[in-house]
Amino acid sequence: MMDVPRASVEYLGMAMRRFGPADYVVFVSMLLVCAMIGVYYGFCTGKLSEADYLMGGRNMQTFPVAMSLIASFISGITLLGTPTEVYVYGIQYVYIVGGVLAMGITMGSAYLPVFHDLQLTSTYEYLEKRFNKHVRLFGSFLFSLALVTWLPIVIYVPALAFNQVTGVNVHIITPAVCIVCIFYTCVGGLKAVVWTDVVQTLIMFGAMVFVIIKGTIDVGGLRVVWERNYESGRIEAPIWDLNPATRHTVWVLVIGGFVHWLQGSAMNQYQLQRYLALPTLKGAKNALWLFVMGASSFIFLCSYSGMLVFATYYKCDPLTTKLAVAKDQLLPLLVMDTLKDLPGVPGLFVAGVFSAALSSMSTGLNSMAAVVLEDFYKTWFSHKLSPRQTDILMKTVVVVVGTVCVGLVFVVEKLGAVLQMSMSLSGITHGASLGIFSMGLFLPWVNSKGALAGGVACLGFMSWVCLGTQAAIAAGDINFQTKPVSVEGCTYDFVTPAPAVINSTMEPHKDEVFALYRMSYLWYTLLGTMVSMSVALIASVFTNPTDPASLDPRLLSPVIRRFLPKKNVKQQDVDMALLSGYKP
């Protein structure tokens, strides 16, 4: 116990939960604005066609689409998980921005031109054009599996923030807020999703900037924040270690991060659907670079907020004292500690975190409606739906998938830190997904049998690696070196933990753990992609590989089109007609 306790940690925790009337007004106002946008596009702009509901009529504007891309990708996982990452492990993670920049260059030159020129509604239409409908179904299945495992994590994170500042149980606030998201996504379609994302992006940015400015002033300025983090070893030069088991190095963050972000941006339905809603490829590329700049800015802001959290609690670690029950409650704790006397500001912060989650959820639900309609129904059922039946099907998908994801929050709650868990679970499907699209774009010899073989092999292999890794972490067989913390300056009562816990710098891993289980989680997508493409190429060689001359050049990346045999003009016209849906 501390020598001069002023209050118990339980009492202090209760006292810091001062979410007053003004905060609730700000928070509820955000939800009402989102709901009204859905009402406007659902009931006040005329009846929505299928193209309007899913693609915004393909006449969206660049800036709102770019804001929507930022909002959906920068989820609550980033807003709360990144500060936790910096607080616990240091600033190495910020170097992933190099991977984000590499993703923008690669996607804009090698991936986006293909998908935009084909004018797809579902990204997975490409797989049927390049291979067959079985590969298309497999790709759609991978997307559905990844979405259903990702969205519950996205929903759970802001519920933690709300719990920290109000004490309201996560399983009460989660369904209440998600009902609003499901509503405006269901009735308003893509335009409602995009414009609510614009509002939510501004709220996210404003909330983070305000917290950072106020918190920095309170601790004594930028110099104090820098010094305290530097002295604790959190500010450090890039690590150039070539060992793949090292959790974060420049190689892991730039190369592994590049492939991870490429999968999330270049062929995922929930991202590409917005690019394809723009009328021109130039507009899509402009949106891409606005997204890269916006996403990178948020990474820097969130990383700095992690430094700010440590600078504030550098002599009294709230994780050790249990003032913050979960790691992902560190930033909400800072907000309530420094902004509790400013009515409405904590409400603005929580609204920002929930905005990040709602934008990701709404985008995912709208994308899922497109996948179910285009890839599952239209591919396998010949009966053509009427406009009313199509509308009912799409809205039913939004409601059902949204409800399932809310229910899965109970599972997420038991699984631990969200940032690494999200990366680990996504590694199961992301490598197979990126591999299937990349083999279609870059390996003209791969046939449909090879594509399926590569995808299935990757799914099985990465399930073994990722689940085995999570089991080893849960069992305590794998631990990662953390930065030192202190409780010497605490001014409240708490139960002192065992000495080994304080200032713990545990061994990065135990050598007896299987090598692939010790691999950094950011290598998962790259490893899975390499496995799927390698197996696909080998399988295709033994099952009548595709003749590159038989492929329409538009199905291949511009990077390799120049190397293909030239076709005569007549044959190119036939291929373009077939791709456009003409049946002789």
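Yeah, the Cβs are placed from backbone N, Cα and C, and that goes for glycine too.
What you see is a predicted model, and the numbers here were worked out from it, not measured in a lab.
Under the heading transmembrane segment, TrEMBL lists 24-43 (among others).
The transmembrane segment annotation in TrEMBL covers 63-81 (among others).
Outside the transmembrane segment (93-114), and at least 6 residues removed from its termini, the chain residues within Cβ reach (under 8 Å) are 82, 85-86, 126, 238, 248, 250, 253-262, 265-267, 275, 281, 284-285, 288-289, 291-292, 295-296, 299-300, 303, 437, 441-442, 522, 554-559. Annotation source TrEMBL lists transmembrane segment at 93-114 (among others).
Residues or ranges marked as transmembrane segment in TrEMBL: 135-162 (among others).
Long-range contacts of the transmembrane segment (168-187) within its own chain (CB-CB distance under 8 A, at least 6 residues past either end) are made by residues 31, 34-35, 37-39, 41-43, 155-156, 158-160, 162, 193, 196, 354, 358, 361-362, 365-366, 395, 398-399, 402-403, 405-406, 409-410, 413. Taken from TrEMBL, the feature transmembrane segment applies to 168-187 (among others).
Under the heading transmembrane segment, TrEMBL lists 248-266 (among others). Within its own chain, the transmembrane segment (248-266) has Cβ neighbours under 8 Å at 73, 89, 92-93, 95-96, 98-100, 102-103, 106-107, 111-112, 238-242, 272, 288, 291, 423, 426, 430-431, 433-434, 437, 520, 522-526, 529, counting only residues six or more beyond its boundaries.
The transmembrane segment annotation in TrEMBL covers 287-314 (among others). Among residues of the same chain six or more beyond the transmembrane segment (287-314), those with a C-beta under 8 A of the stretch's C-beta atoms are 62-63, 65-67, 69-70, 73-74, 78-79, 82-87, 91, 93-94, 96-97, 100-101, 103-104, 107-108, 112, 201, 204-205, 208-209, 211-212, 215-216, 218-219, 224-226, 228-229, 232, 234-235, 265, 274-275, 278, 330-331, 333-334, 337-338, 486, 489.
The transmembrane segment annotation in TrEMBL covers 348-372 (among others).
Residues or ranges marked as transmembrane segment in TrEMBL: 392-412 (among others). Using a Cβ-Cβ cut-off under 8 Å and counting only residues 6 or more beyond its ends in the same chain, the transmembrane segment (392-412) has close neighbours at 50, 53-54, 147-149, 151-153, 155-156, 159, 170-171, 174-175, 178, 181-182, 185-187, 361, 364-366, 368-370, 372-373, 377, 385, 418, 421.
Outside the transmembrane segment (424-443) by six or more residues, the chain places 110-111, 114, 126-127, 130-131, 135, 138-139, 142-143, 145-146, 149-150, 153, 259-260, 262-264, 266-268, 450-451, 454-456, 458-459, 462-463, 465-467, 469-470, 521, 524-533, 536-537, 555-557, 559-560 with a CB less than 8 A from a CB of the stretch. The transmembrane segment annotation in TrEMBL covers 424-443 (among others).
Annotation source TrEMBL lists transmembrane segment at 450-473 (among others).
Residues annotated as transmembrane segment in TrEMBL: 521-542 (among others). Same-chain residues lying 6+ beyond the ends of the transmembrane segment (521-542) with a Cβ under 8 Å from its Cβ atoms: 96, 244, 247-248, 252-253, 255-257, 259-260, 263, 420, 423-424, 426-428, 430-432, 434-436, 438-439, 443, 445-447, 449-451, 453-455, 457-458, 461-462, 465-466, 469.
Remote same-chain partners of the transmembrane segment (135-162), defined as residues 6 or more beyond its termini with a Cβ less than 8 Å from a stretch Cβ, comprise 75-77, 79-81, 122-125, 127-128, 168, 170-171, 173-174, 177-178, 268-270, 326, 328-329, 331-332, 349-350, 353-354, 356-357, 360-361, 364, 367-368, 371, 375-376, 379-380, 401, 404-406, 408-409, 411-413, 418, 421-422, 425-426, 428-430, 432-433, 436-437, 448, 451-452, 455-456, 459.
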